[in-house]
Every structure is written in C-alpha cells, then in structure tokens.
Amino acid sequence: MTISKLVLASGSPRRRELLAQMGYQFEVVVPNVEEKRAAAESPAQYVERLSRDKALAGAALVAAEAVVIGSDTIVVKDQQVLEKPRDFADAKRMLLKLSGSQHQVMTGVSVTCRGITHSVVVTTEVWFKTLSEQEIEAYWQSGEPCDKAGSYGIQGLGGRFVTRIEGSYHAVVGLPLYETDQLLHKF
C-alpha cells in the first residue's frame, strides 16, 4: 500500500522535526488524549497504549485513508514513570532522582490506518551526571524542562547532563527514526 496521506497526531515540535528529517510529507493534528496510567499497567504497556490512543484519536479527526502516527515518551526510574513536571518543585524532584544515575526513556510509536494498528516501544538507557541544586535551578529558569517527560530535553540544554546512552537517541528526543520508518513500511 502506498501512503497517500500521512498525519502526525502530536503537538510536539520535536516529533514534527524528526518526521520531516525522514523525508515524509505530512499533516499535523493534535488529539486530546487523557494521559493517566492504569494501576496494573507496566511503564512499557502505558506508553504503548498512549501512543495507540493518540494515533486512534488522530485517525478520528482525518479522512479514513490517512495513515496516522501517534507517539508518546516517558522517563522511567525504578519503575516509576516521570512525566512532564507540574511546577519547579516537581521538576527538581525528578532531576534529583535522575542525578548521578541510570534511567530509561521509553517511546511508544503506533501507526494506524483503516482499523489496523501496529505499535512498538523503544527503550533507551540514559545515564546522568550528578547535578547540583544550582544547575537544576538554572535549568528550570531556561524554560526547557516545562514540557518534557522527566523534566529534561536531551537535544537542548539538558543534553549536558547526559554522560552516556545505550539505544536510540532519536527515541529519547521523541520519535525513533528507524522503528517509525519500519512501521510506516507496513502500510
């Protein structure tokens, strides 16, 4: 099947940039999906469901023949999901938890068209240097952590906190290029 219309169901400018980097022409819709983890869901199940919910909600907003991509990214430390911070205190708590240690970034990607949905979860291991309270305060003041899972962006100022990664850099940013391309080739 040739993709006649591709839609990204995401308000994330980073996901738009990454999909464009892959050479795809696409439209953007921003579906309203509640991001609430069910008690029995593992972090991987949660992020996969969110990506699927976003793809399906996006599909409901566009023509039936459209191929729709939904994606979500979470940060996981000790099986605890760290999402976008509510305020400075929340961001500080998260960054102190990540400081000087290893965590996982999980990005779920789902692609749907005409009732068929394919999904993948990409997990990347990330290591942080030890952060001082002054670094955390200055980083918060930059405004960068406000809309990011785990309160940091690897592609921006937060990248200076990362000492090492194992896995997909692009998945940490918000859209794993290889895996997304593989899913799109199923349509």
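Placement of Cβ uses the backbone N, Cα and C atoms for every residue, glycine included.
What Swiss-Prot says about this protein:
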SITE      ARG14  site 'Important for substrate specificity'
ACT_SITE  ASP72  active site, proton acceptor
SITE      THR73  site 'Important for substrate specificity'
SITE      GLN155  site 'Important for substrate specificity'
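Here the features listed in Swiss-Prot are painted onto the structure.
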| residue | record | Cβ contacts under 8 Å, 6 or more apart |
| --- | --- | --- |
| ARG14 | site 'Important for substrate specificity' | GLY153, GLN155, VAL173, GLY174, LEU175 |
| ASP72 | active site, proton acceptor | GLU35, VAL47, LEU50, SER51, LYS54, THR107, GLY108 |
| THR73 | site 'Important for substrate specificity' | VAL47, VAL105, MET106, THR107, GLY108, ALA149, ALA171, VAL172, GLY174 |
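Counting every protein chain shown, the Cβ of GLN155 (site 'Important for substrate specificity') has 17 other Cβ atoms within 10 Å. Annotation note: THR73 (site 'Important for substrate specificity') sits in a strand segment as assigned by DSSP.
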